[in-house]
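To start, the structure itself, in structure tokens.
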Amino acid sequence: MGVTSKIAPSMLSSDFANLASEAHRMLNYGADWLHMDIMDGHFVGNLTIGAPVIESLRKHTKAYLDCHLMVTNPLDYVEPFGKAGASGFTFHIETSKDNWKELIENIKSHGMRPGVAIKPGTSVEEVYPLVEAETPVEMVLVMTVEPGFGGQKFMPETVYDTLLIFWLISPSFSNQVRILRKKYPALDIEVDGGLGPSTIDMAALAGANCIVAGSSVFGAPEPAQVISLLRNSVEKAQLTY
């Protein structure tokens, strides 16, 4: 395969009053990345954190800060997030159809890893040019729920067809994650939204290797066990590809 499992607890579900200690807690439990949800109150209705919070957290950890920009004008955020210490900068294709080349180049020039996200209703074909560009994105994030709030329920049609039996019979009943994995075997494919013990197998079998999980980790009695379960599911699924 060429891709490794990466479990990224969503800090949106953490105790923001103790963000540094929450970050350390997740890393001690086995997390690979820390997923940071940046929402502008415009592209999505909610308003969360900005570059100052990333800068503050960076002072307390060397962890990979996986920043998901749910914003209308991502180009405006590149420089401040680069200076703040963001590791990855994932923007939405829905807001960047006209300037994604400039955006990717800017992200890389500021020392961050570029990624592109798609909402559940967006055609997966829209990200092909970005993955295949001379300066490509290095990750595709597939939202399994509409972006904007944490704690939402998983939408299986983004990972598996609603009628699973037809998926078993005919591969023409495709989906975002499975299509991406088949087309790009070495690509990091991230899924976000409603992921937990009851839904991870569907995402993993479809081909996702980067797993964002919020309430299912932070709300668990034993978060380390959940992180381990998510990782094991991804690694087991990879043996079937």
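For all residues, glycine too, the Cβ spot is worked out from N, Cα and C.
Under the heading active site, proton acceptor, TrEMBL lists Asp37.
Among the features that TrEMBL reports, active site, proton donor is placed at Asp192.
The annotation substrate binding site is assigned in TrEMBL to Ser10, His68, Gly148, Phe149, Gly150, Gly151, Gly194, Gly214, Ser215.
Residues or ranges marked as divalent metal cation binding site by TrEMBL: His35, Asp37, His68, Asp192. Counting Cβ atoms from all protein chains shown, His68 (divalent metal cation binding site) has 26 others lying within 10 Å of its own Cβ.
Non-local neighbourhood of Asp192 (active site, proton donor): Ser10, His35, His68, Ala117, Leu141, Val142, Met143, Thr144, Val145, Val212, each in the same chain, at least six residues away, with C-beta under 8 Å from its C-beta.
Other C-beta atoms found within 10 angstroms of the C-beta of Asp37 (active site, proton acceptor) number 24, with every protein chain shown included. Apart from His35, Asp37, His68, Asp192, the divalent metal cation site neighbourhood in this chain, defined by C-beta within 8 angstroms of the site C-beta centre, holds Ala8, Ser10, Leu12, Met36, Asp66, Cys67, Thr90, Leu141, Val212. Residue density at Ser10 (substrate binding site): 25 other Cβ atoms are found within 10 A of its Cβ, drawing on all protein chains shown. Taking the Cα atom of each, Asp37 (active site, proton acceptor) and Ser215 (substrate binding site) are about 14 angstrom apart.
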